[in-house]
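Visitor: Copying in the features that Swiss-Prot gives for the protein in this structure:
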TRANSMEM  102-122  transmembrane segment
TRANSMEM  126-143  transmembrane segment
TRANSMEM  147-167  transmembrane segment
TRANSMEM  186-206  transmembrane segment
TRANSMEM  225-245  transmembrane segment
TRANSMEM  333-353  transmembrane segment
TRANSMEM  363-383  transmembrane segment
TRANSMEM  388-408  transmembrane segment
Amino acid sequence: MMVAAQVIWGSFSLLRVLWCLLPQTGYIHPDEFFQSPEVMAEDILGVQATRPWEFYPSSSCRTVVFPLLTSGSTFWLLRLWEELGLWPGLVSGYMLLVGPRFLLTALSFALDWAVYDLAPLWGADRWNALCLLSGSYVTLVFYTRTFSNTIEGLLFTWLLVLVSPGVVRSPTSKKPTPGPRWHRYLLGVILAAGFFNRPTFLAFALAPLSLWGIHRASELGGIRALIQEALVLLPGAALAAVLCVATDSWYFSSLSRSTGVFLTPANFLYYNLDPQNLARHGTHARLTHLAVNGFLLFGVLHAQALQAAWQQLHACLRASPQTGLSRVRGARGLLSSSKSYLLLFYFTPLLLLSAFSHQEARFLIPLLVPLVLLCSPQTQPIPWKGTLVLFNILGALIFGCLHQGGLVPGLKYLEQIVHTPDLSGTTTHYTLLFTHTYMPPQHLLHLSGLGSPVEVVDMGGAEDRVLCQALNNFSRQPACQLAGEPWPCRLFVVTPGTNRHALEKCRFPLKNETLLFPHLTLEDPPALSSLLSGAWRKHLSLHVIELETPVVTKQPKAQP
């Protein structure tokens, strides 16, 4: 059985790497591009990009440290190789997409290492836990993307690695064995780094740190000794905080050309603690994480966690003081069991994050590691294997391939068009208009940031009338003339098949049309009747349509 589990883990690990390089076409959320690679591509490679509001000095809500370490380091290496002539033509839309993802994919194997190390401590079967981890579509898709939540999950996992020996006993020891002193320094670094990456990291760290503190207090003989132990965390935390503040201050000061100290976590909290600001990003019911997002990400594993929590709560309620001392001791034993601790690690951050009205599924991806440890006990086989496999296949297909799946291939197609040299030697002006899609990450077009003849327009979910008016304006724009000389102009509209009827209302003549399959817009899914018709493929495709533009001719000069 162990050999079979090792083969399964190895197969899923290989799939994780190869699918990253393929690459995955699914587009989960704009934050995977606009909180890291889009910004770093503009800063380091000088390409045309859209800078989100969080990365302006006046509204600096995101630390630049982790974008610099991930996307930034990747783009710097690409630029260096190209400048040295080691790999001419290396920088392309494909490399700008896959480079940062490949780095995150490599870092995701730190999860596997951590689970391998943690499983014996928490009474989990090591290889069953690794199979659950590597086979989860959350690992295959979310942990290979440039989300700040991905970094948060990696830091939370290694926080568990550092505190677990001080909370539970190892199979070879009768009591918890805290690690060496430098572990506490590193723990302080992780706490500060996690807070600067996403202040919500404190919600994930609360339960492990609290249990670590309780156990250390009981071992050291009181609160005073615990305080002295906790002070050991301060040097690492202070060092990481100073480095983050210094990096953010240097970065945002260079953008604003003025010196100042920038505390990005404070700005993040100030913004997100305002309910009106959260409402702009979407308002959800308080039970969304518990009743929807947990199932969406983890499927039957979330159901197992809910069942285990109910059983644990029911057992504790039965062991009340009126039933005798032995029952009380039994209740304490339940509360101090590995299962109880893992349930705390899972449900404490989930419930704390539920206090906020804006709840997205990706906020919960750091909970994957404690969940797979909880659901792979050494004494029991993994239940519902078939359901679990089917669920993860479906999740991987939807979020890794289908969801907004035509947009990244569409940008690659447009990159080839705008970089094809004109045989006549004249410069062509391109207008790329996106409507009813997620924001297009412009850095994947690999356009020069200075004087680019390509204009990218994001219309969002514009109404039909607004779209037609915009097309009418762009087809007759003054940009098609430069210093009185005519420019060849090409106008492209990128829209899902479910919205193509809006373009037909505008009555613009079409020059050509390219369909990119598959593309599913969950915000505007195709009707069931259209999927059952013969045109189902058109409704599940992204349409890249070139419109005929009026020929702009140079007006003859008036004779004197």
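Each Cβ is built from the backbone N, Cα and C atoms, and glycine gets one as well.
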Visitor: Per the definition of 3+ C-beta pairs under 8 A with sequence separation of 6 or more, do the transmembrane segment (333-353) and the transmembrane segment (388-408) touch?
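Guide: Not in contact, no.
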Visitor: Report, as numbers and ranges, every residue of the chain located at least six residues beyond the transmembrane segment (147-167) whose Cβ falls under 8 Å of a Cβ in that stretch; write 'none' if there are none.
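Guide: 28-29, 31-32, 35-36, 62, 66, 70, 104, 107-108, 110-111, 114, 117-118, 121-122, 176-179, 183, 186-187, 190-191, 193-194, 197-198, 200-201, 204-205, 208-209, 211-212, 215-216, 341, 345, 362-363, 365-366, 368-370.
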Visitor: Looking only at residues six or more beyond either end of the transmembrane segment (388-408), which have a C-beta under 8 A from one in the stretch?
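Guide: The answer is 19, 23-28, 97, 132, 135-138, 140-142, 297, 299-301, 382, 437-438, 440, 444, 494, 496, 516-522, 540-542.
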